[in-house]
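All remarks here apply to the structure that follows.
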Amino acid sequence: MIDLKFLRENPDAVRESQRTRGEDPALVDALLEADASRRAAVLAGDNLRAEQKAFGKKVGQASPEERPALLEGSKELAAKVKQAEAGQHEAQAALDAAHRAISNIVQDGAPAGGEDDFITLETVGEIPAFDFEPKDHLELGESLGLIDMERGAKVSGARFYFLTGFGAMLQLGMLQLAAQKAMANGFQMMIPPVLVRPEIMAGTGFLGAHSDEIYHLADDDLYLVGTSEVPLAGYHSGEILDLADGPKRYAGWSTCFRREAGSYGKDTRGIIRVHQFDKVEMFTYCKPEDADAEHQRLLAWERDMLAAIDVPYRVIDVAGGDLGSSAARKFDCEAWVPTQQAYRELTSTSNCTTFQARRLGVRYRDENGKPQTAATLNGTLATTRWIVAILENHQQSDGTVRVPEALVPFVGTDVLKP
């Protein structure tokens, strides 16, 4: 949730953020109204309780003759207090609903617009110039015994797959390398739960406009996570952290689940867009004033991992209309996919400022010992989709695929052969 104090002092900035996202700026006025109503309800309730307390003293000091009338007045006042408390609860509920309807405030400098309005910050590496007709990742995966979509569909349905043989080793090796790099950079490795409570899913901002993307186990009222960002954000919910020595960094290795409800007909071939995949995700808690620098560090660590798999990629500054509700700024790294003649997302790193931590009650103590809301950030370090870029960019004319040097010790071979 956004900071209500900031909203009261800078309503136009929040309206502009809504416009940058392509969302309704009128929601800002609705929140301001709900905030004013709740504050008025609190004041009215406080005044009535003060009056009730003073009246109680008066009753205690009254003569026997005066007391019956005063007691009657006390009952009337108690009824008014009860009514005021009900109004206060109602006003708080209305405020909470209006508050949750507003997305995080987009950072200055982020481009406005939608999915296609990103800004390319840098392009890295040479696009391969094949002297043969390249195969796509699925054709390579099937011919080399790495990917089995047919049996995945037989067992689980569309957008499921088996990684087999060296395909499984390629993923495990990639994730293991990511884990090693994360630990070398000061992250604590975590294997988190992949089922979370509704308040944790809501706290991270995933139960908003895109909640239909999430698998829900209704009988247990638990949600399957689409990223380990969710349980890692909930890890310190309701806590006050010690950030005196710098950010707290965690790297979560988990299976992730997405319904892809809004992706009918998109990327139906292969493993680019699937219901289940594995990922190593970086997650950071830090002081708000350190968040921008931490965001750049997360991006640098992602780029270091991309350098290890040796694929051409570009870095983009994602437009406001393509940000998730929790993100104030997001940078994506997109790898070149030769058979699509396009760049496709491999990593994403988001600065969520204090938005998630405010919902989840994650705080730290400032230099005066006063609790303040922390900032949270996240970033992809490796995921199943990377196999697409590795296979397509490192394929050879004889149908084999060269394994990136950094992955050879994990995979157990330097060339993937039929």
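Heads up, the Cβ atoms here are built off N, Cα and C, so glycines get one too.
Among the candidates Thr123, Thr373, Thr380, Thr384, the one that Swiss-Prot lists alongside Thr227, Ser228, Glu229, Glu281 as binding L-serine is Thr380. Within the set of binding-site residues Thr227, Ser228, Glu229, Glu281, Thr380, the entry lying nearest in space to Leu346 (ATP binding site) is Thr380 (CA atoms). Taking the centroid of the Cβ atoms of Thr227, Ser228, Glu229, Glu281, Thr380 as the L-serine site, the other same-chain residues with Cβ within 8 Å of it are Val230, Leu232, Gly252, Ser254, Cys256, Lys279, Val280, Met282, Phe283, Asn378, Gly379.
Fewest other C-beta atoms within 10 angstroms, among the binding-site residues Val274, Leu346, are seen around Val274.
Looking at Ser348 (ATP binding site) and Thr227 (L-serine binding site), their Cα atoms lie 12 Å from each other. It is Glu229 that, of the binding-site residues Glu229, Glu260, has its Cβ surrounded by the most other Cβ atoms within 10 Å.
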